[in-house]
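What Swiss-Prot records for this protein:
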- 29-138: domain 'CMP/dCMP-type deaminase 1' (DOMAIN)
- Thr32: phosphothreonine (MOD_RES)
- Thr218: phosphothreonine (MOD_RES)
- Glu259: active site, proton donor (ACT_SITE)
- 313-320: region 'Interaction with DNA' (REGION)
Amino acid sequence: MTPQFRNTVERMYRDTFSYNFNNRPILSRRNTVWLCYEVKTKDPSRPPLDAKIFRGQVYSELKYHPEMRFFHWFSKWRKLHRDQEYEVTWYISWSPCTKCTRNVATFLAEDPKVTLTIFVARLYYFWDQDYQEALRSLCQKRDGPRATMKIMNYDEFQHCWSKFVYSQRELFEPWNNLPKYYMLLHIMLGEILRHSMDPPTFTSNFNNEHWVRGRHETYLCYEVERLHNDTWVLLNQRRGFLCNQAPHKHGFLEGRHAELCFLDVIPFWKLDLHQDYRVTCFTSWSPCFSCAQEMAKFISNKKHVSLCIFAARIYDDQGRCQEGLRTLAEAGAKISIMTYSEFKHCWDTFVYHQGCPFQPWDGLEEHSQALSGRLQAILQNQGN
């Protein structure tokens with residue numbers, strides 16, 4: 001049966017927004033897709049030219065999907081405004097399906113004066129490899145304009161609440177676990193799109209000098225291997241990087257350490273219980289006491305997963321942090337200090353280096369050797 005939706009609406013009810021834009025990664029019975037859009041010129045001083053809502057059903061004919069409804073409207077509207085360059089922003093409850101994703105890419109290729117930013121509350125069929133490839137084709141800028149896709153964070157939810165909801169001047173109240181779900185989806189989208197770190201971020205945060213100032217973030221690069229015929233085989237789709245969520249970042253009041261964000265995402269990989277896996281992490285700081293405890297619990301409960309950690313620096317190697325590292329090692333994790341080999345591997349694998357080779361900084365090997373000795377003393381419970 002053809003969905004009976006009006007072409008556009010200007011606002012939705014509060015319960016409708018909270019129900020359909022809930023960002024829990026896996027949700028059932030959310031078959032209506034809501035697409036809130038804004039169209040602006042390239043002049044940032046000018047207000048949006050149009051801002052409304054399309055909606056459609058996930059399982060209906062393609063022409064009834066909200067993405068296609070938008071392009072049907074926009075194409076006709078665009079004929080009257082051919083000379084202008086436009087920035088289109090979508091806030092959408094589900095990321096576009098495979099066919100819509102390909103149609104979006106085609107549209108943008110045919111109209112280079114339009115740029116599209118897509119903020120999604122949830123990822124649609126993120127485990128499907130064909131869908132992942134469609135998203136990469138849409139978002140990776142190889143031969144022309146493409147879309148930028150991001151996960152909605154608190155700021156985007158707040159914006160939609162103010163712009164597209166009958167809020168009656170009530171403030172947006174986030175649901176439980178909104179920050180955690182955001183980080184999970186952010187990591188998964190990064191895996192799919194194969195995001196890379198920019199070179200200054202890597203060299204600044206992974207510098208292994210003994211005393212560094214202003215390095216308050218922890219970056220964690222990871223890769224996963226599966227044992228096959230006594231050989232470790234790299235799983236390219238399970239590779240990425242993340243950093244800790246600092247308090248108040250992206251509008252979230254509470255922070256979350258990088259290691260805990262990483263542990264949150266592993267269950268969504270659905271690793272086969274009958275296969276053996278090796279997870280390798282390259283971190284700018286070794287885990288704090290609490291994170292080390294949680295990682296130790298994880299590998300103690302997941303006998304088919306082994307964990308290797310290479311740290312650029314040792315975090316607060318006094319007291320409980322030392323105890324945490326020992327607990328983690330006793331649980332079976334292999335903890336080491338990054339050497340030139342690991343720094344180069346991270347540069348080659350996780351950094352958008354554009355063909356530039358890794359250039360070690362002064363003192364890299366000396367710092368690495370000193371930190372390795374210090375780590376061994378900690379793990380062997382030797383005195384300071």
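Backbone N, Cα and C atoms are what each Cβ position is placed from, and that goes for glycine too.
Averaged across the region 'Interaction with DNA' (313-320), pLDDT for the predicted model comes to 79. Counting residue by residue with DSSP, the domain 'CMP/dCMP-type deaminase 1' (29-138) contains 39 helix, 36 strand, 35 coil.
Rounded to a whole number, the C-alpha distance linking Thr32 (phosphothreonine) with Glu259 (active site, proton donor) is 35 angstrom. Every protein chain considered, the tally of other Cβ atoms within 10 Å of the Cβ of Thr32 (phosphothreonine) stands at 18. On the backbone, the CA of Glu259 (active site, proton donor) and the CA of Thr218 (phosphothreonine) stand 9 Å apart. Under a cutoff of 8 A between CB atoms, and with a sequence separation of 6+ in the same chain, the neighbours of Thr218 (phosphothreonine) are Cys243, Asn244, His257, Ala258, Glu259, Thr283, Ser284, Trp285, Tyr315.
Counting Cβ atoms from all protein chains shown, Glu259 (active site, proton donor) has 25 others lying within 10 Å of its own Cβ.
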